[in-house]
Amino acid sequence: MSAVMITRKITRKWEKLPGKNTFCCDGRVMMARQKGVFYLTLFLIVGTCSLFFAFECPYLAVHLSPAIPVFAVLLFVFVMAMLLRTSFSDPGVLPRALPEEANFIEMEIEAANGNVLAGQRPPPRIKNVQINNQIVKLKYCYTCKIFRPPRASHCSICDNCVDRFDHHCPWVGNCVGKRNYRYFYLFTLSLSLLTIYIFAFDIVHVVLRSVDSGFVNTLKETPGTVLEVLVCFFTLWSVVGLTGFHTYLISLNQTTNEDIKGSWSGKNRVQNPYSHKNIIKNCCEVLCGPTYPSVLDRRGLMLEDSCSSAPSNGATTVPVNKSSNPATQTTKSSAPLIPNEHTPDEAKPSICSGTQKSSSSPKEEKPSSPISPNAVAPAVIKESTH
């Protein structure tokens, strides 16, 4: 016969979270799996700024002002801080329903919809809530098994429901939602200023050197400047345009997802219930509102059970604690922190209880040598065969 050995290992909850995210630094850093475009963003920003600091800043600091490279460094540090803050943070992922919660929601839906005849299409799973005298529909997510809160949506790339979902941005390698939208906007705004700043002083650098060396010779002597001008020129339009678009959305207290779907415009002409009808109030709510905590317990602890079989002569070995008096010691095992829902209730106390109800009672092996009171000795439970 064989014995079943059950081992329990303490793990972090982020290791078992569903979805298509990657975690680093013991769950503190959260990103999407597709990070190739994010690395390209880092390369373009760091590479362009490095060329600017190496070639233009020394010349401009001597001929114009030493404040030029200082301001460029401060702006570069702010851009990188906002980028990493956007990329590495939880955008507002909503936890999926537990099996018990999902079953309860299913029972509520069946009770509300009644019996659906065979062949009929079931009604849509929607709840209506009222926000500022406006009816807003809460849609049911078949993946997360929850009714999504207002303005939440399911990201198909990260496979998670995100609160106040704006869009999934591959350039930052993460979703943009309730918890990192302001940092995303500050990143695009500061990156626009940095791009304009570098582009302008690249032109100034070329003009100043052309006075002494000529325009053609200057271009030959400064190939790094030419490369910076090209990168900044083609980047400027997209970054500045993106910043302007999000400035427009913030003034209306609207998300990119709502703008694409036409939630508050179009034929119905439904008013936006989240807008304060004031640009300043909308901007203050989006950019200066409170920072919401993450609802994902990423670094929480959980027990993971793993079973393995080992050859045994009709006995199962279970670790127990030995008391100071071996003669009065009963067979015990530590109770699990997280009970196994697949274990029947009548089978759970078979080892943990002090008295056994079955006919075959556990027998304890006596140690051949004296041991300390805190030592752990195996208790052998014989399996009855008929």
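Backbone N, Cα and C atoms are what each Cβ position is placed from, and that goes for glycine too.
The topological domain 'Cytoplasmic' annotation in Swiss-Prot covers 1-35, 85-183, 246-386. Among the features that Swiss-Prot reports, transmembrane segment is placed at 36-56, 64-84, 184-204, 225-245. The annotation topological domain 'Lumenal' is assigned in Swiss-Prot to 57-63, 205-224. As annotated by Swiss-Prot, domain 'DHHC' applies to 139-189. Residues or ranges marked as active site, S-palmitoyl cysteine intermediate by Swiss-Prot on the basis of sequence analysis: Cys169. Here Swiss-Prot flags 306-386 as region 'Disordered'.
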Using DSSP, how many residues in the topological domain 'Lumenal' (57-63) fall into helix, strand and coil? 7 helix, 0 strand, 0 coil
How about long-range neighbours of the transmembrane segment (64-84): same chain, 6 or more residues beyond its ends, C-beta under 8 Å? 41-42, 45-46, 49, 52-53, 57-58, 172, 183-184, 186-187, 190-191, 193-194, 197-198, 201, 204
In the chain carrying the residue listed as 'active site, S-palmitoyl cysteine intermediate', residues 6 or more apart in sequence that have Cβ under 8 angstroms from it: Cys175, Val176, Phe184
So how many of the residues in the domain 'DHHC' (139-189) end up helix, strand or coil by DSSP? 9 helix, 17 strand, 25 coil
According to DSSP, how is the topological domain 'Lumenal' (205-224) divided among helix, strand and coil residues? 18 helix, 0 strand, 2 coil
How do the residues of the topological domain 'Cytoplasmic' (1-35) split into helix, strand and coil according to DSSP? 4 helix, 19 strand, 12 coil
